[in-house]
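Database features (TrEMBL):
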{"type": "DOMAIN", "residues": "37-291", "note": "domain 'Protein kinase'"}
{"type": "BINDING", "residues": "K67, K68, D180", "note": "ATP binding site"}
{"type": "ACT_SITE", "residues": "D161", "note": "active site, proton acceptor"}
{"type": "CROSSLNK", "residues": "K163", "note": "SUMO2 cross-link"}
Amino acid sequence: MSQDSSGLKQSNGNTKDPLVVKLEANKLRLGCTRDDYRTLQIIGKGSFGHVFLAYSIHGNQPHVAIKKIDKELLLNDYNVDRLNSEITIHLNMNHENIVELYLYFEQNNSYYLVMEYCKGGDMYKFLKKQKTFNEAQSKHYLTQIVNALIYLQSFGVVHRDLKLSNILLTEDQQQIKLSDFGLSTKLDSVDGEQSTILGTPNYMAYEIVNKMNYGMKVDNWALGCILFTFLVGESPFDEGSRTQTFDKIRKLDYKIPDFVSKNARDLIEKLLHPDPTKRISLIECKSHPFLR
C-alpha cells in the first residue's frame, strides 16, 4: 500500500480485493476543490467536522452532501486509519439502499467526501414525528435495511453503527439509504471476528457489551433494536446512562408490549438472541413470517 497526498492509503493495483480503493478519475478528483461546489447550509455535525448541503457549479450533479473532515481533529493514526477504512469500503458500495459516495478530495487542512443527498432526512427524526410505525410500515423499511446488510455482508463488511440516525430517506420517505461507514470494517471471512468495542450503546450487541469477540451478526442485533423501536417508539435497552444501558443488555432486560404481533415478537426475539451462533441470519429474516 502507498499513500496519496492526502495521507490516505492507496492500493498498488495488484490486489484482487474488491474493497480496496482504486483511484479512478471519477472517484478521487485530484484537481477538485471546494470552489467546484457552492454550499447552501449545514445539515449535520460529527466528531471530525460538518456535513453541508451543496451543488456543483458545473451542473453535472444534483444536490450533494459534502462531509468535511478537519485534519487537525483526526489527532492520531488510528483516526486516519478509520477514515481510510470508511472511504475504502464506501467507495466500492453500489446498492439502491446505500448512500453513494461519489468522490473525495483533499484541500488545505481538510478532507471532503462528496455523497448522495437524501432529501427525506434521517429515520430517527422521521420516526420521532410519527411516534411509532405500524407493522406494514415497519416491514417496508426493515426489508430494505435487511437487503442493504445482505449486500454488505456479501463483501465481508460489518457496519458496526447501525442505528436510526444512520438510515436516511429519499424525498418521498419510502426508500431508505444506509449511511455513515465510519465504524465499518471488513472481516477476513464471514466467520471472522473483531474485539474492538465500538458503536452506539443502545444498539451494541450482547457480545460487544460483554467484551467477547464478535462478527457479522452484531448488525443483526442492531436490526432487532431497530424493529423494536419502529413498533414501540423507544429503544429496548435505553436507560439514559451508558452503564445502565449496558447492564440491561447483559441481563437481556427488555419487554415487548402486548400489542406487538406474534410474528413481530418472534423476529425481535430471534434478532436479540444473546448467542450470535443462534441469532437469526439475514437470509432467514427475509423468509420470516413477519417479512413475508
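Using the three backbone atoms N, Cα and C, a Cβ is placed for every residue, glycine included.
Remember, it's a predicted structure, so these values are computed and weren't measured experimentally.
Feature map: TrEMBL annotations on the structure.
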| residue | record | DSSP (3 states) |
| --- | --- | --- |
| K67 | ATP binding site | strand |
| D161 | active site, proton acceptor | coil |
| D180 | ATP binding site | coil |
Extent of the ATP binding site in Å [max Cα distance among K67, K68, D180]: 13
Distance [Cα-Cα, Å, rounded] between K68 (ATP binding site) and the residue listed as 'active site, proton acceptor': 20
Sorted by sequence, non-K67, K68, D180 residues with Cβ within 8 Å of centre, ATP: G44, G46, F48, G49, H50, V51, A65, I66, I69, L113, M115
Distance [Cα-Cα, Å, rounded] between D161 (active site, proton acceptor) and D180 (ATP binding site): 8
